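Undergrad: What follows is a single structure, and I will ask about it in a moment.
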Amino acid sequence: MIGLSDPNLTAKSEKLNRTVNSAKGDNDSTSTYESTLAENFSNNVSSFLNNISSAENLTNNSSTAVNRTITLIEASENNMSSSMDLSSSMGSSSGSTTTIEKDEEITPVANFRSNVTEGYTPLTVQFTDLSENVTEWNWEFGDGDTSSEQDPVHTYSATGTYEVSLIANNENGTDSKLATITIHEQPDGAIPIANFTSNVTDGFAPLTVKFTDLSQNATEWDWNFGDGDTSTQQNQMHTFSVAGNYNVNLTVSNENSTSSKLATINVHEQIAVIPVANFTSNVTDGFAPLTVQFTDSSKNATEINWNFGDGDTSTDHDPVHIYSASGNYSVNLTVRNENGTSSKLATITVQKQFAGTFPVANFSSNATEGYAPLTVQFTDLSENATEWKWDFGNGETSTDQNPVHTFSEAGSYKVNLTVNNENGTGSKLTSSKLTSSKLNTITILQPIFPVANFTSNLTEGYTPLTVQFTDLSENATMINWNFGDGDTSTEKNPMHLYSAAGNYNVNLTVNNENGTSSKLATITILQPILPVANFTSNLTDGYVPLTVQFTDLSENVTEWEWDFGDGSTSREQEPVHTFSEAGNYSVNLTADNDNGTSAKTSKIIVNEIPR
């Protein structure tokens, strides 16, 4: 094989000639080779090389050549020539073939996107590289900062229009792409701040993720989950069906501005989980009839099949089986799931019954169910027993006849009592599969704790302020409210009146038999802002008809009501009024807002025109 690179010749030629110059030390000056490609080309060597789809075979017609230099010659219209020399090892016999291959030069293609292209200062932008065939990245953000990361995050602190440049490199070349980021001045008023959490950030496909919005001052939400799906809900549940790394972007907005936040969800290919068969038994040998409790401890199983070795089978999870005849029985457990099968084998040895007094295991307990931690008193009711061994199913044991045991964690525990005497062993197991004796199941429940939660229809307002509180607590049997002003309540959804300004910490405490929970929230009560009426006029006296301009100087006013004292009124803020008759007029301004009223009166004297 001979690697052939494009010599980048530009002159046109009518014919491409191939000659082979002799290698050093060879007596032949030139050898001729036949090509499988056509000889006539209207374009140059570059075009010829580009037409080699995979390789060109050259056949040696010389019987003596060993090493040759293959020269591709392009004769230009100006009798200039260009060539490329490639060494090739050729066979020594006529008809041997070598191959010229075209080496593809893979150049980079620069491309990228950003999660936002404009916004308000300070604006944080996530740039995502979409380039191909790249080994090095050089970013220029247009504000003097640079980065060599593949997917950088950059914050613009000042307003302006910034030209962002990505220069992508590999060993064969360079490419670049430009984009523009526009940063605006921060507007007056509350701006939104994007923020959110997810219940998981990593898992196997299909992965369902709950996204919870934590943004501030937002009125609109726009989710982009990075897999082509979007949503405008505030809180969203989304399922990623295919493995990949997804950039989830939340853009929030209000009338003043827009804000975005980006987070990554990593979704992995589901790993095939193979089942692993495993089990135990409470006894492995004994006298017929022998009752055996089998306990499955397999992993990743969806189907269970037992073969007890005596012709009987079961698909129960933890079966109980009675062996009536003596013998050695091979017990086989086979488990399956969608990915495979697994088996485990064990032997049960059953001996013939013989004369003698055998122990019979039996017991009771003062409780069979309760919340952790649960202390249980076990009472032995066995017959003919001289030794006792208790297994409480949680890894702890006892040899007391009537033990007391505390179960600290929630779960279902199989308590086994094995009793002995000089003639043999008897067992009693707490399992619903046993029907020949009285059974007990010890079930320890996880305590259910209360969770305090509430909302209020208002969190801020002017005195006097009435607030409706709504209880959203879970698992509560008792409720206690403390409104932060000395008042309390045990109602579920109380209404409370705040008479004085201040910040009040409202505390809800809920209880049940297992515990207590509290939640705190703040109610802000503001002092009302009252109006203050005030005005001036350009004239206070004059001759009829007298036109007066009134100028409002009031504070905190939303409504104005003027009474000019001559029967005329106005609701303008700064009215102009003409007094048509002589007299002394009391002009009154009444100023209002949501919190109250204020008034001011001033005199206007209108005189007759002297004669």
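Start at 1 and count along the chain as shown; that gives each residue its number.
The backbone N, Cα and C atoms fix where each Cβ goes, and this holds for glycine too.
It should be emphasised that the depicted structure is a prediction, and the values quoted were computed from it without experimental measurement.
Under the heading compositional bias 'Polar residues', TrEMBL lists 18-33. The annotation compositional bias 'Low complexity' is assigned in TrEMBL to 81-96. As annotated by TrEMBL, domain 'PKD' applies to 137-183, 221-274, 296-357, 382-432, 481-525, 560-606. The region 'Disordered' annotation in TrEMBL covers 1-33, 81-100.
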Undergrad: Residues sitting near the domain 'PKD' (481-525): Cβ under 8 Å, six or more positions beyond its termini, same chain?
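TA: The answer is 371, 447-454, 456, 458-471, 473, 475.
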Undergrad: Quick one: average pLDDT across the domain 'PKD' (221-274), no decimals.
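TA: Average per-residue pLDDT within the domain 'PKD' (221-274): 92.
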Undergrad: Under DSSP, the domain 'PKD' (137-183) has how many residues in helix, strand and coil?
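TA: The domain 'PKD' (137-183) comes out at 0 helix, 32 strand, 15 coil.
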Undergrad: DSSP-wise, what's the residue breakdown of the domain 'PKD' (560-606) into helix, strand and coil?
TA: 0 helix, 32 strand, 15 coil
